[in-house]
Amino acid sequence: MSTKHKNQNKMKTQRQVLNAIHRLIEFIARLIYMFIAFLKGPAESQPPIKDLILLHSATTLAFKIRNRQLMSEEIVQSYIDRIREIQPVLNCMVEDRFEDALKEAKMCDEFLKSQNAPSPQILAEKKPFFGVPFTTKDCIGVANMKQTAGLTVRKNIVSKYDAEVIRLMRDAGAIPLATTNVSELAMWWETSNCLYGTTKNPYNTRHIVGGSSGGEGCIQAAAGSPLGIGSDIGGSIRIPSYFNGIFGHKPSTGIVSNDGQYPSAQSEDQKRLLAIGPMCRYAQDLSPILKILADKNADILHLNEKVDISKLKFYYMEDDGGQLLTSPVELEIKEAMRKVIRYLEKAYKVKVTKLNIRKLKKSTALWMANMSCKDEKDFTYELSNRNGHINLWWEFLKWTMFMSNHTLIALLTATFERFAVKHGSDQHTKLIQESRELYREFQDILGEDGVFLFPTHPTAAPLHHEPLVKAFNFSYTAIINVLGLPATACPLGLNKQGLPIGIQIVGGLHQDRLTIAVAEELERGFGGWVPPVIVA
Ligand SMILES: CCCCCCCC/C=C\CCCCCCCC(N)=O
């Protein structure tokens, strides 16, 4: 056997051993977290959904308002009442503007009664979400509301302006209602911080909502808001959408403005990975919201063009090919993917081709390399609110005495970063090169008529704190940010434990309408959002 082969075999064995140790740690940790959850008592129940207004899509609400079938004020009031019911149990909201929202809703209703009111058709064109309330993650600036990004030191920081996406939503007639919880600095996939605490999963409060737009995923799923705005640099729209059984779309890179978001991307590279997008219970809302958020760039996406599903080329992978330190994809998720394939093959006579994209095994490393940038200020700088650096070891010590204002994972991320590949090193250059190759490989396969079905995440929502031992599972979404491609998280019902599962649908660059059209189709075939509580 040649030395090269011997080395390859040695590396393979090392990987297998590492993965086996990781599985064991995951297993032991699961038992510990289950025990902790048991000690904390049973999952908390939430009030049923009694108000049928809460069950309309945002598009339907807008239609009903402009056709005088429902008043904006009663819709806003219904959502305020619902948030008041769920907030004590789920802790998804961080700040409300209920009074202002009600005033604005009344103004909408009065305007519609006035002589100046345009016809419903004109209103649909000029102000497609006239009178419809919406929520946004607290990283996205809403004028006169706090913008903390879950960082304690920012607890009194109030945004002077609307972020560009909020301005666009207001311009479309929508009414901001509340901001929602995020992970600390939006850099983790469990929503918990020292300022507002932990957000709980509406399907089972012992489980996480995902992150970083976790409050948004939760409030949507619990029918506390008809549409939400999230942002995604590594999965922060898609992971919470998936864990909460709703739809979430990360647009193609560069389409939606990131202005007015905190933390902002530090470099052009990071900007390329970051995208703001819609989160909602009904797939039909994705495209009209994206159209507003994309503003002048909407033309690039041809969102009005009808998509013929039978003409699309479908590809899939059931997992990342066995990446080091990611969990195996749960059987029920694989089974859901197979059902989707059978459904598409039967309904549209298409062939869904299995791929083996080997570079997906390097997803975490590729994302990390793309996140690191020249002259990058490190995470301890970010944790100080870009004002000096926190003392990491001192904070760790404080944390052990429950005195730190930072989460354990934020401190671990800052530590981990010190060992990550450095910008400009040979290894970094190689990984960036490989990212480009992977992008070309995807573009060649998908072109303008291909979609790729891929797990959004290898497991359903873990228990609280469990992501600590499954840290790199976020790479299933993060790799799509590296590629800058559009991806829609699509719910596919609940697993045996009653937790949502689903897949993400990825398209070629600027082919957002394809991924959204497939999500709409799968909603028809698989039922979409399932209410987490009884609809009474
Ligand atoms: C034993 C625990 C080891 C923990 C090591 C943690 C290192 C994690 C590094 C980066 C985590 C980033 C996760 C980002 C998830 C969501 C990002 C987003 N805003 O889209």
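Numbers here mean position along the shown chain, with the first residue as 1.
Using N, Cα and C of the backbone, Cβ positions are placed for all residues, glycine too.
Feature annotation from TrEMBL assigns active site, charge relay system to Lys137, Ser212. As annotated by TrEMBL, active site, acyl-ester intermediate applies to Ser236. If you look up TrEMBL, you'll see 74-514 marked as domain 'Amidase'. Residues or ranges marked as transmembrane segment in TrEMBL: 20-39.
The distance from the Cα of Lys137 (active site, charge relay system) to the Cα of the residue listed as 'active site, acyl-ester intermediate' comes to 10 Å. Ser212 (active site, charge relay system) sits 5 Å from Ser236 (active site, acyl-ester intermediate), taking the CA atoms of both as reference points. Checking the active-site residues Lys137, Ser212, Ser236 against ligand 1, the ones whose Cβ sits under 6 Å from it are Ser212, Ser236. Listed in sequence order, Ala186, Trp189, Gly211, Ser212, Ser213, Gly230 are the same-chain residues at least 6 apart in sequence whose CB falls under 8 Å from the CB of the residue listed as 'active site, acyl-ester intermediate'. Across the residues of the domain 'Amidase' (74-514), the predicted structure has a mean pLDDT of 97.
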